[in-house]
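Enquirer: Straight out of TrEMBL:
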DOMAIN    4-224  domain 'Orotidine 5'-phosphate decarboxylase'
BINDING   Asp10, Lys32, 59-68, Thr118, Arg179, Gln188, 208-209  substrate binding site
ACT_SITE  Asp59  active site, for OMPdecase activity
ACT_SITE  Lys61  active site, proton donor
ACT_SITE  Lys61  active site, for OMPdecase activity
ACT_SITE  Asp64  active site, for OMPdecase activity
Amino acid sequence: MSSRLIIALDFPTKEQALQFIEPLSPQSCKLKVGFELFVAAGPDFVKQLVDKGFDVFLDLKFHDIPNTVASACKSAASLGVWMMNVHASGGQKMMLAAKQALEETQSNAKLIAVTVLTSMDSEQLAGTNVASSPEEQVKHLAKLTKASMLDGIVCSAREAKMLREILGPEFLLVTPGIRPAGSAQGDQHRVMTPAEANASGVNYIVVGRPITQSADPLAVIDQINLDMQ
Ligand SMILES: O=C(O)c1cc(=O)[nH]c(=O)n1[C@@H]1O[C@H](COP(=O)(O)O)[C@@H](O)[C@H]1O
């Protein structure tokens, strides 16, 4: 079975990212390229990771008018990535346009939507004039995403159990904000351990700093893969 661990390659340069992935195999993890590395290393680097056999999640969280997001998804698909994302708060027309654009390509890349960022708590959400709790807002945006025919969502593992009941067994739940016991929470708020996330029924976990800043990344990866079995 392929790994359900997605490592967030949040590095400032292509060289640092390549050095980090050198000992990794596509069987032990998938890789996520987000803003920091994409801006520094570009689309050719994403293709390089795909050519090495890794499943790549291109995390650019598109959030724009429907036509622009649809075109961006087509461009992302042409890189051969396994998964990409948009912000669900971009609305249903945007998500439908993105899905349709992907269907017009040869790619079978998965398209998921970010609900409420795992760094957000009730207070920060209220600051954006959203009066609902994070859980209520996640539930609302998750239903909107499903109605827009996307493959799944990004959410906190804390919400996974409740969402699985509402959204059914096929809908993908991809969960960052994962912190192995004893690791620093940093800017994340809605966190869980890998074992707790697994027990909550998530499909994939996204882990960055607890692996990339560890003195022994391979040991952390092995332990997380065990926790996810
Ligand atoms: O879309 C994402 O991947 C994402 C969504 C979200 O709600 N929260 C979140 O942390 N992420 C990403 O997941 C990764 C988490 O990294 P660490 O906090 O270092 O484990 C980062 O690359 C974030 O950009």
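In case you wondered, yes, glycine gets a Cβ from its N, Cα and C as well.
Not measured: the values here are computed from a predicted model.
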Enquirer: Taking only the recorded positions Leu60, His63, Asp64, Pro66, Thr118, Gly208, which have a CB closer than 6 angstroms to any atom that belongs to ligand 1?
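Expert: Result: Thr118, Gly208.
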Enquirer: Enter the number of other CB atoms within 10 angstroms of the CB of Asp59 (active site, for OMPdecase activity).
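Expert: Around the Cβ of Asp59 (active site, for OMPdecase activity), 25 other Cβ atoms lie within 10 Å.
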Enquirer: Across the domain 'Orotidine 5'-phosphate decarboxylase' (4-224), what does the mean pLDDT come to, as a whole number?
Expert: 97
Enquirer: Hey, what's the Cβ neighbour count for Asp64 (active site, for OMPdecase activity) at 10 Å?
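Expert: Step by step: centre on the Cβ of Asp64 (active site, for OMPdecase activity), count other Cβ atoms within 10 Å, giving 14.
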Enquirer: Out of Asp10, Thr118, Gly208, which of these binding-site residues is nearest Asp64 (active site, for OMPdecase activity) by C-alpha distance?
Expert: Thr118
Enquirer: What does DSSP say about Pro66 (substrate binding site): helix, strand or coil?
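Expert: The three-state answer is helix.
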Enquirer: Non-local Cβ contacts of Asp10 (substrate binding site) (under 8 Å, 6 or more apart, same chain)?
Expert: Gly34, Glu36, Leu37, Gly208, Arg209, Thr212
Enquirer: What does DSSP say about Asp59 (active site, for OMPdecase activity): helix, strand or coil?
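Expert: Assignment for Asp59 (active site, for OMPdecase activity) reads strand.
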Enquirer: State the Cα to Cα distance, in Å, between the residue listed as 'active site, proton donor' and Thr118 (substrate binding site), rounded to an integer.
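Expert: Between the alpha carbons of the residue listed as 'active site, proton donor' and Thr118 (substrate binding site) there are 14 Å.
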Enquirer: So which one is it: of the recorded positions Lys61, Gly208, which has the fewest other Cβ atoms within 10 Å?
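Expert: If we count Cβ atoms within 10 Å for the recorded positions Lys61, Gly208, the smallest count is at Lys61.
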Enquirer: How many other Cβ atoms sit within 10 Å of the Cβ of Leu60 (substrate binding site)?
Expert: 17
